[in-house]
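Engineer: Can you keep this structure in mind? I'll have questions shortly.
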Amino acid sequence: MDIGIDLLAILFCVGFVASFIDAIAGGGGLITIPALLMTGMPPAMALGTNKLQAMGGALSASLYFLRKRAVNLRDIWFILIWVFLGSALGTLLIQSIDVAIFKKMLPFLILAIGLYFLFTPKLGDEDRKQRLSYLLFGLLVSPFLGFYDGFFGPGTGSIMSLACVTLLGFNLPKAAAHAKVMNFTSNLASFALFLLGGQILWKVGFVMMAGSILGANLGAKMVMTKGKTLIRPMVVIMSFMMTAKMVYDQGWFHF
């Protein structure tokens, strides 16, 4: 598939903007996947290429959070294992079953997340009581988070952040940091399976990854410096935008 320099430059910018937003609130796929589909590549290849570029951004943000000691891998290694396994299972299933019913339910889930953050203004302002241990979170919650990202994906960062705030008691910046490390883990599992299926356009993926790394690093810095004032409105806005796009794509308002 031949893609010119001008289009590659646009995709580089798309990767930058999407990963900047994704590092803060999730929802970067709302931007990158339509951009990839508009190049004319098949949907499966667009998803695989998106996982490649997203993995670069997620790794960049994760390394930044690790350097700043916002995340301790010794605390969450068990969680990450189950996120990886859940994502692998979701990626395998998405290639073999009909997801029409799930797609119709998804806008309500994403909208609920946005409304929850909107109407609980003090949620995540500071650390709260931890409701689940890391072990129980890993066993009971992580497989579903990974499965969702591998199976479908939109809003994964917001869902992971919400889980960290409500179940692990994290403040919003800490939740966003842990969500990004989990997101990298789930992306890695999905990428490996798309790689085995040959569904990656490498040139496009690497160009977008370069932009993604820069955008994610900047977004991660914003989380650490302006997290409390920035994350909540970004999560709400991205949740509403994702809901609107999914509703439109499903033809709810086509007459």
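Positions of Cβ are set from backbone N, Cα and C atoms, glycine also.
For 7-27, 28-48, 76-96, 99-119, 132-152, 153-173, 191-211, 235-255, the entry in Swiss-Prot reads transmembrane segment.
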Engineer: Let me spell it out: take the transmembrane segment (28-48), skip the flanking residues so only those 6+ beyond its ends count, and list any with a Cβ under 8 Å from a Cβ in it.
Structural biologist: 1, 3, 7, 10-11, 14-15, 17-19, 21-22, 54, 57, 95, 153-154, 157, 191, 194-195, 197, 199-201, 204, 208, 238, 241-242, 245
Engineer: Okay, the transmembrane segment (76-96) and the transmembrane segment (235-255): do they have at least three CB pairs under 8 Å, pairs separated by 6 or more?
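Structural biologist: Per Cβ check, the transmembrane segment (235-255) does not touch the transmembrane segment (76-96).
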Engineer: Applying the under-8 angstroms CB criterion, which one of 7-27, 76-96, 132-152, 153-173 scores highest with the transmembrane segment (191-211)?
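Structural biologist: The stretch with the most close Cβ contacts to the transmembrane segment (191-211) is 7-27.
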Engineer: Please report, as numbers and ranges, the same-chain residues at least 6 past the borders of the transmembrane segment (7-27) whose CB is under 8 Å from any CB of it.
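Structural biologist: Result: 35-36, 39, 53-54, 57-58, 60-61, 154-161, 176, 179-180, 183, 203-204, 207-220, 222-223, 230-231, 234-235, 237-239, 241-242.
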Engineer: Please give the sequence-distant neighbours of the transmembrane segment (153-173): residues at least 6 beyond its ends with Cβ less than 8 Å from one of its Cβ atoms.
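Structural biologist: Distant Cβ neighbours of the transmembrane segment (153-173) are 22, 25-30, 70, 106, 109-110, 113-114, 116-117, 123-132, 134, 137, 141, 145, 179-180, 182-183, 186, 223-224, 227-228, 231-232, 235, 238-239, 242, 246.
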